[in-house]
């Protein structure tokens, strides 16, 4: 009887110990990979909670899927971390979210191995000092809905293969050091048409004509070295809300743009070589809330109507000979 009692007591005590593996949700393979990532990053204080004695589903900046208990999110943000993105992140096969953001001491290149994470829906590697090219193999991540690689030091040309990411809602490649031309393939996107951010780079050449066939809700190509005629980027049948082509070297007759998207809310064309006059069709855009055509070669009277008189003089300054409200009256 005494032996039976002691056996029951031992079982009770065993099951009541919270630190034992019986109560741990974390997949042991994922835990091993995370500990390798921590080691590769130099065991930073930011990952102090990554204690092998604790359940990794309870660790800081990671999440476990409630059904599979596999690590599905790694979100490292504003961390005092130095070094490179460990290639070991690619050994977390159930990742849907991968973020390294606002980490200025993060250096090196984007690991090619990330392209193995075929379940990824969100990839944000931004506000770091990452260098080198964007791996074309990122086009393997067919489930991506958001790709953010901005505020880095990335170089080389933009891989045309990224246009194969047909589920993207937005692609942010702005504020890097990309060179070359905008890929022709970006005008052949199938599936959802993403918001396109390519500003603050060193892109050259003209915008591919194929982009005129795309219905971008937001497009920002500002602060590059782009040239040519972009009148084909406008049209009544588009649903563009925000378009920024400022601080390039675009040169075309603005007066020949006969139709604008009715949905247009913001249009920025400042610091180009645009000539002609402001088209009267712009007065028909009822929702236009922001306009800047300053520092161009525009001439003539600013059309009356719509919202064109609601903008301040800075929207029209330093053009060749624009006149009329809000500028001084035409002579």
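Positions of Cβ are set from backbone N, Cα and C atoms, glycine also.
For 28-65, the entry in TrEMBL reads domain 'Leucine-rich repeat-containing N-terminal plant-type'. The domain 'EGF-like' annotation in TrEMBL covers 114-217. Annotation source TrEMBL lists signal peptide at 1-23.
Counting same-chain residues at least six beyond the ends of the domain 'Leucine-rich repeat-containing N-terminal plant-type' (28-65), those with a Cβ under 8 angstroms from any Cβ of the stretch are 19, 71-77, 79-84, 86, 88-89, 91-92, 94, 97. Each residue of the domain 'EGF-like' (114-217) gets a DSSP state, and the totals for helix, strand and coil are 22 helix, 31 strand, 51 coil. Residues of the domain 'Leucine-rich repeat-containing N-terminal plant-type' (28-65) grouped by DSSP class, helix first, strand second and coil last, total 19 helix, 3 strand, 16 coil. If you take every residue in the domain 'Leucine-rich repeat-containing N-terminal plant-type' (28-65) and average the pLDDT, you get 97.
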